[in-house]
Amino acid sequence: MTPTGIQTQNPPIQRKLRKQNLSPTTRSQRNAGIVLALPWFIGLILFFLIPFFVSLYWSFTNYSILQPGKFVGFSNYVHLFHDATFLKSLLVTFYYTVFSVPLTIIVGVGVSLLLNLKVKGQAIFRTAAFVPSLVPVIAIMILWNWLLSPQIGVVNWLLSLIHVQGPGWFTDQHWAMPAMVLVSLWTGIGGSTVIYLAGLQDVPQDLYDSAEVDGAGVFRRARHVTIPLLTPVIFFQLIMGIIGALQQFNLPYLISGGNGNPNNSLLFYGIYQYQTAFSYLRMGYASAMAWIMFIIILIITAFVFKSQSRWVFYQGAKER
Amino acid sequence: MSKSMKTIAYIVLIIIGLFSIFPLLWMISTTLKTNSQVNLVPPVWIPHPFDWKNWIEAVTYIPFPEYFGNTVFVSLLATFGAMLVCPMIAYSFARLRWPGRNIVFALTISVMMLPSTVTMIPLFVEWKTVGLVGTRWPLILGAFFGSPYYIFLLRQFFLGLPNELEDAARVDGLSEYGIYFRVMLPLAVPGVLTVGLFQFMASWGDFMGPLIYLFKPSTYTLSLGIQQFMTQHTVMMQQLMVVGLLTTIPIIVIYFFVQKRFIEGITFTGIKG
């Protein structure tokens, strides 16, 4: 996601003007540009750059809200690697990411291909698919906690109709994570479907037509025309999905009542970090946790970017 | 497409639709159940009789108008901030030349990848330093200084607008600000609405922000209010569902009003130029 490849403004008139060294237009453009972007200079510094460096510094101290911290070198980082709870939370988060991200992408692409078919009632289906992403997280939590309740939940009742004994879902340490993945799929599909649908509108119709002339059926057209052309959007969703999944906090926090139970099976990284920072006020330790996650995200993102050349297909690439 | 394929597509679409909508219908049904009907197995689909008093109990058990007011206050101001400031910044990046612009834009893209967990704690301390922790302002003021994702989205939008407009406006003697406010901004309305909807949804349903920054009940938002229906031993299910619905409905209503422009806004207009 570097700015290269994205069109920048460079009309010939301005290029000519630049030679005359600060013509009135250039000067007024420069002034207006800086004035209009001014809020962001402040925002970038206050809300991103300062916190970024401050948390890096704190991660080397034992700072807590109550007292100023002393410099402790790498001790926070060393402690973390011997902290069983920390390692558990890392594992839980990876487990979630590995299952939820690919599943959300596969289902999301599948659903949007279906929603892109010209069938009657398309608008209704599209709206229906989007509705879950409008529900606030707290309402989602209550709803699904109840639907998936082992004794009185509707899901287990439906399963009992086909003579399947439903699991304990969120009350069972082995089933809590699959339940979590299911719920995040329900909430996540709507938003990602909108993005894929937008991407699908850019697929040129003549490519379909020629594929149809060549005798390609629905599935072959999806596999060899649509999905390759959708890979840039899938790539964007993959990056955003991984970053989002590794930082998942709201849902597991609410579902587990803030503690990641049963038996820490929902102790996400974000929950443990939140507890460390705001319950135990160990800001230095929590900052070190944040930085470890930042580095993990950087490494994974770099890998995904590197894999790009193997599977992401850019329509305009050859023409440019 | 063959006829049998079409039938299969329909069946799958209906299953997906039900999977999406069913939990919400269930929620509505629950709000009208009596206590004895709530936990029945097999479940009661259509409650009989309708128990409307759950709705009254729900909005009187917590100070609903106050929490609702707080949520509206926070969401509207944050949305106003994002819709005011983000297009300005995006326009500046897309169409105005100033020294250092590309470096600042590269930085903007980079911080988009910064996990919020890295900045969360120092941000808390910053707000504490200026004495605003415990008030609603930390949930609002940030939106008035731009947000990288929205800036990026809107920049793509402005890049897609034709140059001739700008040149013509300049010949007509409009100032740079005039060009922005009177020519360019009106053309970017779908994009600005999209950003507004995203910000509104984010503020309205935000849980972590209020959890960290609010601790006086008089400042609580609905997200925190819903929690109060869950006590150590019991959950007031019907009342909780009422407030859950009342929290969801405003978003759905707003979505219906802006959805047409919203779809226009999300299409990757401008990426191809």
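Numbers run from 1 along the shown chain.
Cβ atoms here come from the backbone N, Cα and C positions, even for glycine.
According to TrEMBL, the transmembrane segment annotation covers A:34-58, A:94-115, A:127-147, A:175-198, A:229-249, A:285-305. Annotation source TrEMBL lists domain 'ABC transmembrane type-1' at A:90-304.
Between the transmembrane segment (A:94-115) and the transmembrane segment (A:229-249), the number of CB pairs under 8 angstroms, six or more residues apart, is three or more, so the stretches are in contact. Of the candidate ranges A:34-58, A:175-198, A:229-249, A:229-249 contributes the most Cβ pairs within a distance under 8 Å of the transmembrane segment (A:285-305). Outside the transmembrane segment (A:34-58) by six or more residues, the chain places 69, 283-284, 287, 290-291 with a CB less than 8 A from a CB of the stretch.
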